[in-house]
Every structure is written in structure tokens, then in C-alpha cells.
Amino acid sequence: MKRVILHCDLNNFYASVECLYHPELRDKPVAVCGSIEDRHGIVLAKNYAAKKYKVKTGETVWEAKNKCPGLVVVKANHSLYYKFSKYARQIYEYYTDRVESFGLDECWLDVSESTLLFGDGTKIANEIRERIKRELGVTVSVGVSYNKVFAKLGSDMKKPDAVTVITENDFKEKIWGLPVEALLYVGDSTKKKLNNMAVFTIGDLANCHSEFLVRQLGKWGYTLWSFANGYDTSPVAKNDCEIPIKSIGNSLTAPRDLTNNEDVRILIYVLSESVGERLRSHNLKGRTVQISIKDPELQTLERQAGLDIHTSITSEIAQKAYEIFLKSWNWSKNVRALGVRVTDLVESDTCTQISLFSDDIKRQKLEILDECVDRVRERFGYYSVRRGILLQDRGLNRI
């Protein structure tokens, strides 16, 4: 059976939901931010009116307001967005049980076996588009294709409120002329490497020798070559299929450039608290800590190191992340953003190898401390309990 894959992308999702609840904002440039009090708060989403002023996701509030003085800044309401995401998913699940989330605002649907009931992929896509608009009051762009990568490309090609079809017969004409960074998983770093090889479009990538790409990019080179040529065969997960968590991490763009080790240490603790809490909430612990460091020119360095024992203890994660940073960064440039991630995960009650060098009594106390902090924050809010190190710079500890 020929596959029929949809990719549904709710347009300007956060901003669209806010405008739905605040109709007076509908014709104004709007940005949704993590913090509206802090001028260094980050833009999480924006509407089309703000896009006309070249407001970008990920830039600071003050940068956005410099571009658009009339910008209306709204504090993010994640519980509301989650509710709308769930409503959209219920509509998708009317057509298929194969619905795979890609963030709150995007989903893949495999409707291959649904076409006998509901019509072809284009008909299903248009029906979903109309229902989302009618029942939820927001719009969605839908890509229709025979694989996940091209379906995602299709939903990106026409916005808002549109359906784009990419077939086996016309994909070269429709997508090979697009910039290579339009392809799924081609980020800034990979784009730069490909551009240095004179690969600027998806067609350039598709027409490279796969062996050459493997030599330059490793196994990932072959994967990207396959994507560009339409060979993606990855399945859409069933909606009742629980995908195992392989890593837990968090990253932040600092409200100002970090200029010394103590700045970095503070931000690493902020990130490690988030990572540790999420590990504990999922009943997981990990043995490998990864960090990513981005400079003001957006160049990224990634490093990792192992721990002596699996852990979800915040202070152990932070200490290892800071050790990696000290070994990896020579301060030839400032630091713009940091990320901390824990991998090599196992369930917390899994028997693991004992380290001869760990202090079990001290570790038990730290585990109890973290659990107590989690409970207090759950009841009274995140800022009800703070580590002393985070009081050294209030500009960093409130992000």
C-alpha cells in the first residue's frame, strides 16, 4: 500500500491562541515571551503582523521592540497552549490512530489506511484544515506526501491555512530548488558545513555522491542524502505507543553575554536544576552529561563526559557540566547560550554498577534534598526555594 503522510503545523500557535483570547490584539504585532518584565526575556512566538517587522523567535524582547516599537508583549500561558494542542490532536485522531507529535504545534499523521473511509490525502488534509479553523479558531498548514520529511516540507511551504501536496512524481520540481536548510534536521552548523562543500540547495544535496557526504558528515551525511532523494521510510508512531526517553536536557540564551566562569557556573546550575527535576519526575537517572556552548557569532561547541554512577542529583549534574566547560572553553569569545543534557538513561530503580569512589550516605542526603525541593516548588512555585549560588546575579537566576 502506498503511504499517505500528513504533517499538520498550527500556524503561529502561541500567538494565535493569545489573539483568540484577546481579540483586541488580532491586528497588532504580538510576541509571546517567557517574561514580559525582563527586557532580556526571549521571544517564544510571534504573529504575522510582528513578522513583517522581522521579529524573530529566540531574540530578546528589547531586540524585538527595537525592530517594532509598537510590539505587544504577552506572557506565555503554557497550560492554555497544551489544552489547544490536545484539542487539535483529538481532531487528528478522528482520522487515524497513527499520530506522532513533533512539539505542541506539529504532528505527523499516517492516513494510508484511512483513505477508503475519508478520501485521498488532499481531501483529508482540507477537511482537517477546515475543522481546526471552525472548531478551534486557529489555522493550520498541512503538508501531504509519501514520507514524513516531505510532508513536513510541504507544511512549511505555504502558510497560513494551506495544503501543499508533494508527490513522488513532482518532488524534484517542488523542493530541489529550496535552500538546504529547509530540509528537516539541517541546522546552522550542518548548513555551514554543506555550504562549504558548495551544497546550497536540497537539489545540490540530492545530487552529491552519498559516499562523499559520509566522509564529510559521517552516517548523518547518508541520512540527509536519503531525505533529499525521497527515501525516508521512517514510520509514524501510533498514538498509544510510548516512545522511550533517550535524553533530557535544557538550553538557554543568556540575558547578556557571559564573560567569566562564575557567570557560566550560575547558568549551569539554573539548567541543571531543570534537567534534574525532569529526570526525577520521569523516574530516570543518567550517566553521561553533555554541554553545548554557543558564542555571540552563533558558533556551537558540544562536549560530553561520563559520570562514575547513574544520577538524577542536581548538584552532581551541575558539577560535571561545569568541569566539562572548564576543560573545553578558553574564553577567546564570550558565551551567548548554554545547554545541559543528560543521556545514557535508566529507570531510577534499575540496579547499576556501584562506584568505589562515591559517598553513598552523602548521595542519599542529596537525593532527599532534591526530592524535598521538588515538593516545595510543586506547591509554592519554582522561586520559593533557591540555591545560594543563584543569588549572586539576579539577572541570571530569574531566567
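Indices start at 1 and increase along the chain as displayed.
Glycine is treated like the rest: Cβ placed from N, Cα and C.
According to Swiss-Prot, the features are:
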- Glu106: active site (ACT_SITE)
- Asp9, Asp105: Mg(2+) binding site (BINDING)
- 5-187: domain 'UmuC' (DOMAIN)
- Tyr14: site 'Substrate discrimination' (SITE)
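Sequence features, as recorded in Swiss-Prot, placed on the structure.
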residue: Asp9; record: Mg(2+) binding site; DSSP (3 states): strand
residue: Tyr14; record: site 'Substrate discrimination'; DSSP (3 states): helix
residue: Asp105; record: Mg(2+) binding site; DSSP (3 states): coil
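The Cβ of Tyr14 (site 'Substrate discrimination') lies under 8 Å from the Cβ of Val32, Leu44, Ala45, Ala76, Tyr81, Asp105, each of these being in the same chain and 6 or more residues away along the sequence.
The Cβ of Glu106 has fewer other Cβ atoms within 10 Å than any other of the recorded positions Asp9, Asp105, Glu106. Looking at Asp9 (Mg(2+) binding site) and Glu106 (active site), their Cα atoms lie 5 Å from each other.
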